Amino acid sequence: MERIVHVHHVEKDAFLKGNIEPDPEEVDLVFDLSPSFAEVVAQVRVELNWNEPNDGVELEGRHNVGFGMHTRWKTMRINSEQRWSVYKETVAGSEDKALELFATKTVDARIELDLNRPSSPVQERSPPPMSQEEATQSPIVQSPIAQQPPLDNEYDDGDDGFEMNDNNVGDLDKYWTQEEMDHSIPYSRCYASDSDDDGPEEEVDEDGLTAKEAERAEIFKKVTGRDIRVPLFRDVSLADGAVVDGGKSFLLGARPISKRDVDATTAMISKGLTFDTFLELKIWLKEFSIKHHRPYIVVHSDLKKRYTLKCVDKRCPWVVRARPFKKGPSWHITSCVATHMCRGPKLDGKDAQPDHRQLTSEFIAYKLSAEISSLPIMSIKSVQDTVKSRFAYDVKYGKAWKAKQAAFKMLYGDWEEAYNRVPRLLLAMAATNPGMVHVVEPSATKMTLHDGKRVRVFHRAFWSFEQCTRAFEHCRPVIAVDGTFLTGQYKGTLLVAIANDASNRLVPLAFALVEIENNDNWEWFFHILRTRVIPPSKEVCVISDRHQGILNAVELAIPGHAPLHHRWCMRHFCANFYRACKSKELSDLLQDCCLAYSERRFANLYNGLLKHKDLNAGGQEFLHRHLIFNSKWARAYDEDGRRYGQMTSNMAECFNNVLKGVRALPVTAIIQYTFEKLNVYFQNYTDETEKEIANNCEFPTKVQEFMDFQARKADSQTATFYDNVDWVYQVNEPGGTTQGGVQHGGRAFRVSLKTCECTCMATQPTKGKGAWEGNDKEESVWEEAVRTVRKREKEEAARKEKEEHEKKMAERARMQRGYEEYLLRNKRRNDKLKAERDREARAKFLRSCQLEQIARERANRMHLEEVAREAERIKEERAQMEDAKTEERHHFFDSVVQLARDIREKEELAEESKKKKARGEGAFATQ
């Protein structure tokens, strides 16, 4: 299938979706052998008849990354032989084996080149002349914008002209969606047009070719190196490479590296080989074993004594013994058995080993460190492909990722070590680049432990190269600033300041690594930029989004340095309006308001935008809120022309896209990448400038195109001289049709050569630093007068600026005094409040003491009462006990008395009884 290539060149959307319907315009290219990239491009030119000198061919390949019944198409841009080979390998391993390409024709249109809008041909205009009353009508001055009736033959001033600056805001819907939802931007549709020139037949030369076919043959010869007019069997240009063919021959074409390319029995290890370090010995042995597909195991590994290896097969006698020298870090092989007696691993088949045990991520990192250092944004797939092409082994994605991280650690240290290396790296750059500005600040509060010591944590860093500073002296005093977030382990933000030269080429001015975009970091960045990079007397216009940190930083005044003039980026401003109104059409109308040159044109567009039926309440509130700041976002109200026509911060956004691939790298890699990228930029710019100088170009390419455009435009204009004092002319321009298809009448403009002003407002004198100061050629009288007037204006502007500065300083001093008085009053009030609070606290304390005393007395009284009651109770109990004892005693006494009485009675009875008995016995005796 590699000999057949299917080429599509119409309906790219259908191609990206897999061409569900057959493509009638499809072209099939058939080759004898697998074609190279140059052969495919040449054949596409021939088949599609794209053979003009300024025709270019861009190819995109389609391949299926799905599996089974699931189809998923991916595209790959093909612009080199390497990408073509990778694409063929990818297609060979996918479900769909066909080589499907989409070809797009590109045309090098130099005159129609416009960085701001799509290029369009210059159109001639021939309308009726404008009346004198219309030509001399004064512009509108209003606050707010007054309502005006529509004008007859209203024209779009400046929209059909040639823009010198890149003011393209792009698709606001996609930009807003990407900012808010982080969705990827879909592919744009591209179309290619074929030549349909079916003119009459032309004369042919001696080879039977027409002039067009002969030109095509010359192009084919330049591309492929072969003359199409000479048949293959007559071409003897490669006769010196012919060989004898004695019979059936086999064609051996190009093929990728194979595991069988290296003879494993060749012994390159021998006794006495020396190595500078132990690491070099290990890497060399690993590379030897990988290239010869002979894995080994480590038997002994002692950095001070020995290092012994043996074959993984225990029956194989292969062994290598190495020892270090007594003096120094060098190692040498003391003995070895360099021949393997084992069969070795299988290189193909079902039982083949896909990996090698010595092919570790650390080894891959060591071998690919040079490639990763030169291209830090190398993808993991490229690492896998490089390992495959160099060592003929397929490594998994995880191992390739670990290898890349290990390479980063070797080159730049780990993530924490990278921050420690930032000062040393900047110092090393400054040592070889005198005049480089670099500042590194540690954190004032955050501390960490490093090697057992408490050290301060990295906070932020700033660097700028002298070459950029010197180049900025010859550029327009306009810079764009922006911040791009980093995606590494510790995150962070990279701040950039970008300028551009006369050819709209980027001039990166300064960089800074900070933790986050906030007021403090932006003020610090602008302070160093203004005091160390920008000349003190140079007034610079800053274009950016409306981040609060930037808004605050540009307003700060630095004594002895010129002020900054801040302007808003039109793209961000229109995107914010799109968020409010959710209408692409209204955003385009606001963009036209921003780009208008004259106040009259701005008023008409702005009033039309306010009257639009689709404008909601949010959009109206947005417009009314920002109208008073129209000098920040409208070109018609740009004070002193500080913007120089630059309406967006696209140059900063473009450079952020350049840095997009390194945002996940360590900070030292980012700094080194900026250095290398700027080196490439300056080398390329130098080559281009030298070519322009060698070609005797009076102006840069972009400026020359603008001058040519204006010169062709002036061919249809006429000028009438009116005033020989102020050198006033009336320039009449014929009417016609604009690029948008709108017809307009003739236009007349008032041009003053003395003040360099025109009523079209497209070109105005710039009063800031870097304004026109004449040239070294012989000047006429009016040029000298213009110069004198401009000098007086500058002196007057400088005087007014000095007065304004003094007023600002006086106002600032007054505000400072007021602030000090406010602090004094606030201190007195605080002291008074503190005294009152102290008095209240003392009174509260005394009251609490009194309450506590009262409570204590009450408690004492309650305690005494309780003690008294208890004593009374005890007394009563004792009295009761005494009464009980007394009663008991009385009872005892009564008992004793009664007992005595009873005893006495008994004794009396006994005595009486004895007496009676005695009387009885006496009587008996008598008887």
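Cβ atoms here come from the backbone N, Cα and C positions, even for glycine.
Nobody curates TrEMBL annotations by hand; they come from automatic prediction.
Quick caveat, the model's predicted, so the values are computed rather than measured.
Per TrEMBL, the features are:
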- 133-146: compositional bias 'Polar residues' (COMPBIAS)
- 153-163: compositional bias 'Acidic residues' (COMPBIAS)
- 194-208: compositional bias 'Acidic residues' (COMPBIAS)
- 270-322: domain 'Transposase MuDR plant' (DOMAIN)
- 478-576: domain 'MULE transposase' (DOMAIN)
- 112-166: region 'Disordered' (REGION)
- 189-209: region 'Disordered' (REGION)
- 792-812: region 'Disordered' (REGION)
- 906-927: region 'Disordered' (REGION)
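Confidence in the domain 'MULE transposase' (478-576), given as mean pLDDT, stands at 90.
Across the domain 'Transposase MuDR plant' (270-322), DSSP classifies residues as 14 helix, 17 strand, 22 coil. Residue counts for the region 'Disordered' (792-812) by DSSP state, with H, G and I taken as helix and E and B as strand, are 21 helix, 0 strand, 0 coil.
Residues in the domain 'MULE transposase' (478-576) partition by DSSP class (helix H, G, I; strand E, B; coil) as 30 helix, 35 strand, 34 coil.
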